[in-house]
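Taken from TrEMBL, the feature GTP 1 binding site covers Gly11, Asn12, Pro13, Asn14, Ser15, Gly16, Lys17, Thr18, Gly36, Val37, Thr38, Val39, Glu40. Among the features that TrEMBL reports, Mg(2+) 1 binding site is placed at Asn22. Here TrEMBL flags Thr25, Gly26 as Mg(2+) 2 binding site. Annotation source TrEMBL lists GTP 3 binding site at Asp56, Leu57, Pro58, Gly59. Marked as GTP 4 binding site by TrEMBL: Asn116, Met117, Thr118, Asp119. What TrEMBL lists as domain 'FeoB-type G' is 4-165. TrEMBL lists 275-293, 333-362, 382-405, 417-441, 447-467, 506-524, 603-622, 634-654, 660-684 with the feature transmembrane segment.
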Amino acid sequence: MTDNKRFALVGNPNSGKTSTFNILTGSTQYVGNWPGVTVERKSGKYTKDKSIAIQDLPGIYSLSPFTPEEKVTRDYLLSDDYDVVINIVDATNIERNLYLTTQLIEIGKPVVLALNMTDLLVRNNIFIDTEKLSYALGVPVINISALKNKGFDALIAASKKAITPDVVLSYDERFEATIAEVSGATTIENRFTLIKLFENDAEMIELAKLTPAQAAEVSEIVTIAEKIFLDDRQSIVVNERYQYLTTMVAMVESKTQGVRLNISDKIDSFVTSRIFGLPFFLFVMWAVYYISIQTVGIGGTNWVNDVLFGELVPNFAQKALDFLHIAPIGQGLILDGIVAGVGSVLGFIPQIFVLFICLGILEDSGYMSRVAFVMDRIFRRFGLSGKSFIPMLIATGCGIPGVMASRTIENERDRRITIMVTTFMPCSAKLPVIALVAGALFPNNSLIAPSAYFVGILTIIISGIMLKKTKMLGGSVTPFIMELPNYHLPKWSNVLKYAFDKGLSFIKRAGTIILATTILLWFLQTFDFHLHIVETDKSILADIGRAIMPVFEPLGWTSWQATVSTFTGLLAKETLVSTMGVLYHAKPGAALETAMQSNFTQLSAYTLLLFNLLCAPCFAAIGAIYREMGNAKWTVIAVGFQCGVAYMFSFIVFQLGSVFATGQVGIGAVLAVIALAIGCYFLFRKQTYVGASLKESVNV
């Protein structure tokens, strides 16, 4: 019987860890060209040997954690829950990646080095001698390519036979003498622990259980070393490691010719430039939404709406129900409730699929990581960090992983701000709302759909500035350092898998949450409070909708159906479309668009889009906000802020838009100007709260 093995995948962010995990386990974990893709430990079984368990740990640059997900990795590596560390190393940035390797070796567990992206070295005329590297580090070194799925059988074979390294990475003699003194003072022999004690790592000091006398002696030893090296203790360790690595890399790495400016550098000189970077990004996102919503995607959506759910499915269902002699009320539930409601949402799958193919191409090619770099320039001018933009990029797929990705931000105030504004980005669930409004009221305007994306970014900037200037969230800007991966042709299997996963998730929601919602809505719009079958205008739902409609009339909504649809959107944003399909008794496609045209002007339809784009996300995302915030108070603050921003923006747009459309100024327009003035005050006022403690900031 084969003994069970536990392999831990460890590496720098964006080194190919998650791609390796997917290949080894057959999983479909999300892969992206930016840090923060993995924020929790993922587990899986090796596809060719189920006795081998694979753990994908969050990316980390060193074992001195700053963020919650980095602490997840270190805590796991200091446990005894694994047998072998598989260290994924980006061969194109080998010296920086090997910094983590030195720490992993010092822990004292078996280590295997997986040298990823070696195929890219050939293009740059660079060669790495893996035999020399293996000898220098005392661990097996295996060449792999996550992009081309090569070298993984050899990697697992080496991992099965891996043993604890017997090579001691020697640093400066004075440093080694100091570490020996620390060992003598504490009787500890583990090299990793000794170096961490030298660094004054609080967690390791606690784990080492030093006596007061031992702690005092270690402190005295380190203080003397700082005077000898003329540097602080953390910098001494960093310098020692890099001096060792610089010497070693010079021995194992060779360049056959002078390194020339590669294609990635040439492209970046344009797409990340101060002049062309932002305009190019805006053009790219306009093209993505134009292709998915109004050109390629619309053909499939029209067929699904008008033919599949407009004729084929209803006709088949009607004949089946007649054949089975189903009562009219049962037929109403199936035809007017389930088919109309669920069909209204499923019709947008072609557009969603095309959208995520486009986004998948941008991500897999390496462009989307440049967007974070470009946006950092803009964010930093307003006191924000580009590091916050990475969760926002992830949120374009789904708000939940976007909120979770905020764990990569070490500054607690910036992390809270990011959580509060991330869901302003249009996720896949909001796409049906965008497509419905754009198709029904703006069929010939190619700017409406992409404007949702740009409005999301603009709202993030504006609200982020306001939050940054408050006492509870004010503070200095978090530094943003990010590695830009090389460009490469997208791997179509990755792109299609990405689009398929997003589409499948959408279909699952349609078969669960949306199905249940449409059944409930059909019941509420069929019966009154006495459970009598009535016309929709006299139903329970109509009474509820009319009761809350005055709240939304200042936004231009004159139908109770719109208010009810917005509230059902809290379950899942796409249920807004299915709700309208049920309440307007409209088949998917042209009939629903006609109903929209009868009940909305272009301006009121846009405020409907704007409000549902910016207001509180679905309940699942609110749950993620609660988990990341850590308490109910901050969750309520976040949701209240999102709803307030959505209402205020929609109110201002409708009221001032009405002035331009009609030339008439009413009380609503006056209030909108006042609201705009108040907003401008909070936006442009001087930031005074820079050094407030987080403890003070929570007590609001």
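Start at 1 and count along the chain as shown; that gives each residue its number.
Any Cβ shown, glycine's included, is placed from N, Cα and C.
Remember, it's a predicted structure, so these values are computed and weren't measured experimentally.
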Cα distance (Å, whole number) from Thr25 (Mg(2+) 2 binding site) to Asn116 (GTP 4 binding site): 17
Leu57 (GTP 3 binding site) CB neighbourhood, other CB atoms within 10 A: 25
Positions whose Cβ lies under 8 angstroms from the transmembrane segment (634-654), at least six residues beyond its ends: 416, 419-420, 423-424, 459, 463, 467, 554-556, 603-604, 606-607, 610-617, 622, 625-626, 668, 671-672, 675-676, 679, 698, 700
Maximum Cβ pairs under 8 Å to the transmembrane segment (417-441) - stretch from the list 333-362, 382-405, 447-467, 603-622, 660-684: 382-405
Arithmetic mean of per-residue pLDDT over the domain 'FeoB-type G' (4-165): 83
Spatial neighbour of Asp119 (GTP 4 binding site) that is closest, considering only the binding-site residues Gly11, Ser15, Lys17, Asn22 and their CA atoms: Ser15
Remote residues contacting the transmembrane segment (275-293) - C-beta distance under 8 A, at least 6 residues beyond either end: 351-352, 354-355, 358-359, 362, 367, 370-371, 374-375, 377-378, 431, 434-435, 438-439, 446-447, 449-450, 452-454
In sequence order, the binding-site residues (Gly11, Pro13, Ser15, Lys17, Gly26) whose C-alpha falls within 10 A of Gly59 (GTP 3 binding site): Gly11, Pro13, Ser15, Lys17
Contact call for the transmembrane segment (333-362) against the transmembrane segment (660-684), three or more Cβ pairs under 8 Å: no
Inter-residue Cα distance where the pair is Met117 (GTP 4 binding site) and Ser15 (GTP 1 binding site), in Å: 9
Best-contacting stretch, by C-beta pairs under 8 Å, relative to the transmembrane segment (660-684) and drawn from 447-467, 506-524, 603-622: 447-467
Which of Gly26, Pro58, Gly59, the listed binding-site residues, has fewest other Cβ atoms within 10 Å: Gly26
Neighbouring binding-site residues, C-alpha within 10 angstroms of Gly11 (GTP 1 binding site) - of Asn22, Thr25, Gly26, Met117, Thr118: none
